[in-house]
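Trainee: One structure is given below, represented as structure tokens, and several questions about it will come after.
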Amino acid sequence: MLEVRDLHVTRGATEVLKGISLEVLEGETAALIGANGAGKSTTLLTLSGLLRAKSGTVRFEGASGSIDLTKLAAERIVGEGLVQCPEGRQIFHSLSVEENLSMGGYLRRDRASLGSSIEEVHALFPILKERAKAAGGTLSGGEQMMLAIGRALLARPRLLLLDEPSLGLAPQMIERIFDVIETLKKRGTTILLVEQNAAMALDIADRAYVLENGRITLSGSGRELADNDRVRQAYLGIAS
Amino acid sequence: MSQYVFQQLINGLSLGSLYALVAIGFSMIYGIVRLINFAHGDLVMIGAFSTLGFVAMGVPWPLILVFVLMIGALAGMTIEATIFRPMRGAQQVTGFIATLAVSIVIQNVGLMTLSGQPRNFSFPAFMRQRVQLGSVSASVTDLSIIGLTLLLIALLLVVVYRTRLGTAMRATADNLMAARLMGIAVNRTILFAFAIGSGLAAVAGLMWGGKFGQIDPLLGFAPGLKAFIACVIGGVGSIGGAMLGGYLLGLAEVLFVGLLPPAFSGYRDVFVFTMLIIILLLKPSGLFVRHVEERA
Amino acid sequence: MSKNVPEVTRRRSATGLLALAALLGVGAALVYAAQATLSSYVVTLLALMFLNIALAVSLTVTNGFAGLFSLGHPAFMTIGGYIAAVLTYPPARKDFMLPDLPAVLLTNQIPLLPALLAGGIIAAILAFLVGLPVLRLKGHYLAVATLGLIVIVQGLATNWSGLTRGGSGLNGIPRLTDIWWCFGFAALAIYVALRLKFSSLGRAMMATRENAMAAELSGVSTYRVRMLAFVIGAFFAAVAGGLMVHLITVVTPKTYSVVLAFNLIAMVVIGGSGSVFGAVLAAIALTGISEAARPLEESLNLYGLSQVIVALALILVLFFRPNGIMGGAEPRLLRRLF
């Protein structure tokens, strides 16, 4: 589904990604873990076309076949089916919940089926239906996260990028969000998950990568990495 | 109500309508690209002179209105695409200086091609009559300005709050990055904001000419600054605030001149700007907006 | 901070002073040569160019060093211009032109220098008073507030006829300024600005520009530093305004307008915000361009052309060199002398 080859990205004068390669197969949940500043968000922003790669390729099985995303405008990338739910939720505070969701379906031409998609999202997050007319900014942190995920789902992602969905949420809410990710996974949505909460991410992931200082230093199945001594020490806080 | 007070009220409302129309566009542009567009007032001038040109060509007035709206929109989009877009991401002050430069270019190209001599501008004869409303009367021009402005504002609100593109525009103004991640082509929504805002300013120019009877290439300076003040009064970046600020400013100006002894009437702009500075200090986010967006 | 003083004094040793004197001498020789060989029209233009240099350099202190986006220079120039003009005006003509002046002003006439200083000091005091509220604003709010200051001062000058003779302004002001005054003033402005730039106060100004919060945390009072930059700029602007009215012999409420504010900003930005040398170069270039375009304007009847050229030049610089020609730095020679 997604195949990143030797991606280099610079921001300002510093090279943040120093040639990373990774892949996500159809139907899989992949996790990208790493410390603050390792380049996780940079990776996702580059995939979404908000940052430009200096070199490297991003192959994606999009709506119009296999394409390279590195030269594509951000709105085209969404159109191809690579949709990101960004770090910090980034919902539209002044727009109503309803309008936030409709912006998720902004590029969809199938007005008719959009209605049933909204119902699906409402079924997943009933609170979004209750508060449909409320301004996004009045929602609690957890509700905003649900709105952000719901909004991304309405773009009908072939590949859903989730950037730090647990960030700043209370423990029960984190559980809720991971339950939802689990549900999406069961329904066959392909997911690339970026997390600092490595334990939960590795638990859910079929495939995982460790990003350190702009390089992929380890990769394997979620299980393998969770058992890896280095990962246990550095990211899971377990002494070996 | 005495004729005098009524006349002041109508006068204030029609002046306020013009300020509101200019201020709304100014505010929309600020809201979406965080740019104080100094050249916005010059769209008023472009609108006024285009009107004069169409009148000379014998175009009927309703069509002139549509054409002027379109010319304003085109001019605004051109400025955005050629000058402001390439500078996006630069410091805020850089953008402000650029808009000043664009304003100077427009004014002076106007001087070069149209000459600095003021020109007479008049609405058709029936617009210059007065109508009797019970015991008081008002000019048709003022009443039409008030009515047309309300109509345009209503249309604008429908476009901004009830259409897909309008919602996308508000989304872009709210959070540019998230808008891009949702597949919104933000350059297009920004262009759309410039088109609407500039179109409204140009129509304000048409009415400005009719109200004051004379136009010259530098006439955009005053409405541009007044629009900024109206936005500051109402809270920069909000359409409703800009509208309210415009009406308040128009009424305040007319009342200042109408209520104080004639010797003070020359101090009108001194009054307006002193008011601006006071408001900026006491309530930089505007009189009607609760949360402070930005100040220092 | 006081530790730096001896070192600075040492660097400005005999050779440094000698080099400065030499620079001044070369400038003076050029002025002398210009005055001897060129027509009086061109000499007046050169004098105006020196005043533009002084104005651009003083605006560099306010806008460039301290990062205050002030458009208020024309307001202070108007104040300085009127005050100096009224003070030097011959009493014989005051009876006729300004009969409503207070008696002290009506009967007395003072020489140019104290009149300029009076204008400068009053403008500085006003800048302080206006700055108390206005300098709490930043960015484009400050810009528009200072733009409002121009409109307020123009409105007062137009309406306060007893002091200003209203919209028609004052003419027949004695021509007390010549190219030497202007040259001297430009040299003074450059000297003060450079000394300031390489002093601890100047560094504090630039610190508040780069990061106000960090500057506060390291003990700089942002508000005081900004105020100083604003007041210094106002003083120089007012004196330049006074010098200019005694060169062109008229002053009206519209003599110093928003367009002038724009042109001065253009000089500062093109020169490279914060670079004194850049501001000088840009002032020379822009004055030269506008004056060169003037005959073209007249022959083609295209008034406004020179202004369009200046604005387009500014846009091009913003596109391709957003940090200006000098990018805030000074040539090495100047750095060594100060």
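Cβ coordinates are placed from backbone N, Cα and C, and glycine is handled just like the others.
Annotation source TrEMBL lists transmembrane segment at B:12-33, B:96-116, B:136-161, B:190-208, B:220-239, B:246-264, B:270-289.
Please situate the listed features within the shown structure.
Mentor: Tertiary neighbourhood of the transmembrane segment (B:12-33): same-chain residues 40-41, 43-44, 76, 84, 88, 95, 141-143, 145-146, 148-150, 152-153, 156, 169, 172-173, 189-190, 193-194, 196-201, 203-204, 207-208, 211, 223-224, 226-228, 230-231, 234, 236-239, 241-255, selected by CB-CB distance under 8 Å and a gap of 6+ residues from either end.
Listed as Cβ neighbours of the transmembrane segment (B:96-116) (distance under 8 Å, sequence separation of 6 or more from its ends, same chain) are residues 35-42, 45-46, 49, 79, 83-84, 87, 216-218, 220-221, 224.
Away from its own ends, the transmembrane segment (B:136-161) comes close to residues 1-3, 6-7, 10-11, 13-14, 17-18, 20-21, 24, 123, 126-130, 167, 169-170, 196, 200, 203, 207, 210-211, 239, 243 of its chain (Cβ-Cβ under 8 Å, at least six residues beyond either end).
Same-chain residues lying 6 or more positions outside the transmembrane segment (B:190-208) and placing a CB less than 8 Å from one of its CB atoms are 17-18, 21-22, 24-26, 28-29, 31-33, 40-41, 43-51, 64-65, 68-77, 79-81, 85, 145, 148-149, 152, 156, 159-160, 165, 169, 172-173, 215, 219-220, 223.
Long-range contacts of the transmembrane segment (B:246-264) within its own chain (CB-CB distance under 8 A, at least 6 residues past either end) are made by residues 4, 8-9, 11-24, 226-227, 229-230, 233-234, 271-272, 275.
For the transmembrane segment (B:270-289), same-chain residues at least 6 beyond its ends with a Cβ under 8 Å from one of its own Cβ atoms are 226, 229, 231-236, 238, 240-241, 244-245, 249, 252-253, 256, 295.
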